[in-house]
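Read through the structure below, which is laid out as structure tokens, and then see the notes.
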Amino acid sequence: MPKRKDIQKIMVIGSGPIVIGQAAEFDYAGTQACLSLKEEGYSVVLVNSNPATIMTDKEIADRVYIEPITLEFVARILRKERPDALLPTLGGQTGLNMAMELSKSGLLEELGVELLGTKLSAIDQAEDRDLFKQLMEELGQPIPESEIVNTVDEALEFAAGIGYPVIVRPAFTLGGTGGGICSNEEELQEIAENGLKLSPVTQCLIERSIAGFKEIEYEVMRDGADNALVVCNMENFDPVGIHTGDSIVFAPSQTISDYEYQMLRDASLKIIRALKIEGGCNVQLALDPHSFKYYVIEVNPRVSRSSALASKATGYPIAKLAAKIAVGLTLDEIINPVTGSTYAMFEPALDYVVAKIPRFPFDKFEQGERRLGTQMKATGEVMAIGRNIEESLLKACRSLEVCVDHNELPALSQVSDDELMRKIVKAQDDRLFYISEAIRRGYSPDEIAELTKIDVFFLDKLLHIYEIEQELASHIGDSYVLKKAKQNGFADTKIASLWDMTAEQVRRIRQEQKIVPVYKMVDTCAAEFESATPYFYSTYGFENESVKSSKESVLVLGSGPIRIGQGVEFDYATVHSVKAIQAAGYEAIIMNSNPETVSTDFSVSDKLYFEPLTFEDVMNVIELEQPKGVIVQFGGQTAINLAEPLSKAGVKILGTQVADLDRAEDRDLFEQALKELDIPQPPGQTATNEEEAVEAARKIGFPVLVRPSYVLGGRAMEIVENEADLRSYMRTAVKASPDHPVLVDSYIVGDECEVDAISDGRQVLIPGIMEHIERAGVHSGDSMAAYPPQTLSQKVKDTIADYTKRLALGLNCIGMMNIQFVIKDEQVYVIEVNPRASRTVPFLSKVTDIPMAQVATRLILGETLAELGYEDGLYPESSMVHIKAPVFSFTKLAKVDSLLGPEMKSTGEVMGSDRTLEKALYKAFEASYLHLPNFGNIVFTIAGDSKEEALQLAQRFANIGYGIWATKGTASYFENHGLHVRLVEKIGSDDDKDIPAYIRKGKVQAIINTVGTKRTADKHGQIIRSSAIEHGVPLFTALDTADAMLKVLESRSFTTEAI
């Protein structure tokens, strides 16, 4: 069927902010889809609230709206733009739910807007648990015994009938939100109650648990002419019971027979045809390891996290083709862009093994609940490609950036056998390492399989890795064993530790013996057809397929997996850097390990190496490609940490030089630089042990801010008030960065702001100053930020511009740098300098219209600001007000305290823009799902030193009609100052009348809770905060954020005064 001519303008809905369960894979999908539709000649309108995405760049769609994805705003845009059609299946669960809401509101019908791609009825059938069950029964497809429930009592009654364990799956939620496995009545009561609350239709499926079955996924495509194919099938290392987003996954499936493969393939195709899905779809199945019995677990009728993995694993661009199918093209008409010669109807074939390992946030949240279940907890993932399972698994392990270069955590050698077995049976995020340790201790694969239900085949591969370790240890220097180890994915550093030499020595031995990697092409067809994709992975075999270009090239290092502190913003900068390299006439090469992102789409760069970002792997690529130099500024801390070893190995680092990077990152050198440049900073000292830290703090005076040097996202950063807390910090937290000392700084309570600057070494362009809404003490990544600044005097702005220029030139910055300031009594202090692109680059690029990463890259390659048409100094401010607001994933992370402080906790961001501060704030709150009604009850539970300020907020809330409730100390302070409040207990003896009870009953509309300086003793506060998160009640732990929300409410309310 030719593409449709009756539609001209199509609206695409993005997926909004990054949260656990919905990450960068939707930026990749949305970007591909918009470009694909434009390629076919359609006009594209995009709506997304997340500025840190490539898809919200002006050139991706014809009209880009960075607005909240809520009915109110999407309806306005629909009325204004009047598109002919809407494509919702590329915006994750957010896009689907929005389409359902628009349809139910009658607006699509009123405006004559057609839904493209998969029809609403099919989305409903796949997402509504009852309809899905009916369809499967009609198709004769087996599903586990189950019951749809709308109340907790119904859930308990059904479970009593079929017996425990049971699985709870809420309808229309993302990443298993609110679900879980329940072994008894008590657990079911809790999980079902929570699941019903989180489901937008108050519906859950309770089903018999089939935990222990193999989990197999099929990524399938279908077009309007009923052509359907399997793009990729994948097997989870972990059996059913652990969310697929938290499982290690291999593609293609490794342990199923051809008969089983065909049986599950037929089932998947039968389901996609019955649902009449047009585009991509993911089918999850459970296979009994002891028979040919299987169950259908669920179907995602949209592009998903698995689609991104399948696209990168096979090279087959699912989202791009799904968009073409949506406008009527069929798979047998679309040319596969990878081969350029076969049609998209051709099923990909793989002659390699792909491993995906999730990246979890527990290095940030040590107190978080690490047990894995049906609710997703990973923030990101890595992918690695190899010729065998061992190679791809070990490459993926070292891509994780959790300080391991192998499937081994050194600390586990100290763990008792009992503890080891416990951790293996009760799966946590690090179970792979515990299983590997058990194998090293002599437990057999069969014993471990019995305990974990993981297939013996995979455990045998772990045993094989251990056998090679032993061979290496007993054959030091042996080239035959060295080659075997390299063919099975061993890193030089691991071999060096077994041979008791340096990695450099191992590398030399390898090179002398000509044991070097070759690079193979990912071509979707197992080399059956000619292919020209510049997409490569390394292996130790024969025949290198990557040929060094005749053109001069530049290598850009990506930022690896998405984690808290290093998100999609860095991928955004990487992609823009590549565009600038190409525009300057060079060949751009990207190296990265993250399957979710735009940077690892092979059509972005001239060459893509899907490899771990370690010194060894990067050097191997450099030796083959011989680039002009390497750019490390855009890959976050991952890339910056590689600058020094690469430079020592003689590699040219482009942009700011290593010695200058060091001056910004090393505390003593930085202090010296600031003194020379005459720039004030809060008084501080470095300490290498506990006594030095205590001595420094006494000298400076408490409170002090303590942190390790060289970290990202405020890892292990704390504000300490007294010596006892400082000693405890030094004993527990300093392992964050053992080679570097701890910084002890005077903690200044002031207004914080930050600047991104771009310098060519002579002139400095400052695109803008962002003012944080929360005062110093909340990590910059968790603060709301306003551009242009709303309260800074001209004098302060001038000082900031002056200090920025001095710093950029004084530290010989070429390219980009980020500086954070704190302002107290009009005095400006520098808190820190990052000599690289920061997480604010996409936001600031969007609001100033300066493509900052592109400009910085051109300067890194030798051009000047003047040549690019930019002037020295602070760029003129925008007339609009733009707010960047953080978004958190606390609902997914049990036991993680939602209290904001100097360590970063947010997973994503949104932007709100309008002509006034209040309107921009309103949009930012709406986009980040912080919605406050115009009236209701608000609870204040406030620490001693903030009561005076809280009283002013409470009075303002009372003026607009809110009922003020407060806990004991806060209530008496408010009453003493003439404000009438209702007294409530924090955590009461009568658990029907305390704050969590009122939250459960829906009596509380918001909570404002601050803690004193002894944050640790705040057990009750943590229970209240968790309760608010669980029930979706807006929670403010910084008074400044509550003040911003009040501004919005006040601007929306009319003044009603008696005369």
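Just so you know, glycine gets a Cβ as well, placed from its N, Cα and C.
Checking the candidates ARG707, ARG727, ARG858 against Swiss-Prot: the one annotated together with SER746, ILE748, GLU752, GLY777, VAL778, HIS779, SER780, GLN820, GLU832 at the ATP 2 site is ARG707. Just so you know, of the binding-site residues ARG208, HIS779, the Cβ with the fewest other Cβ atoms around it within 10 Å is the one at ARG208. Only GLN284, from the binding-site residues GLN284, GLY777, HIS779, place their Cα within 10 Å of the Cα belonging to ASN300 (Mn(2+) 2 binding site).
Listed in sequence order, the binding-site residues near GLU832 (Mn(2+) 3 binding site) (C-alpha within 10 Å of its C-alpha) are GLN820, out of ARG129, GLU215, GLN820. Counting residues of the region 'Oligomerization domain' (402-546) by DSSP class, helix then strand then coil, yields 78 helix, 11 strand, 56 coil. As a whole number, the greatest separation of Cα atoms within the ATP 2-binding residue list ARG707, SER746, ILE748, GLU752, GLY777, VAL778, HIS779, SER780, GLN820, GLU832 is 18 Å. For ARG129 (ATP 1 binding site), none of the binding-site residues have C-alpha atoms inside a 10 Å radius of its own C-alpha, out of ARG707, ILE748, GLY777, HIS779, GLN820, ASN834. With DSSP classes pooled into helix, strand and coil, the tally for the region 'Allosteric domain' (930-1059) is 60 helix, 21 strand, 49 coil.
When pLDDT is averaged over the region 'Carboxyphosphate synthetic domain' (1-401), the result is 93. Distance between Cα atoms for ASN834 (Mg(2+) 4 binding site) and GLU298 (Mn(2+) 1 binding site): 45 Å, as a whole number.
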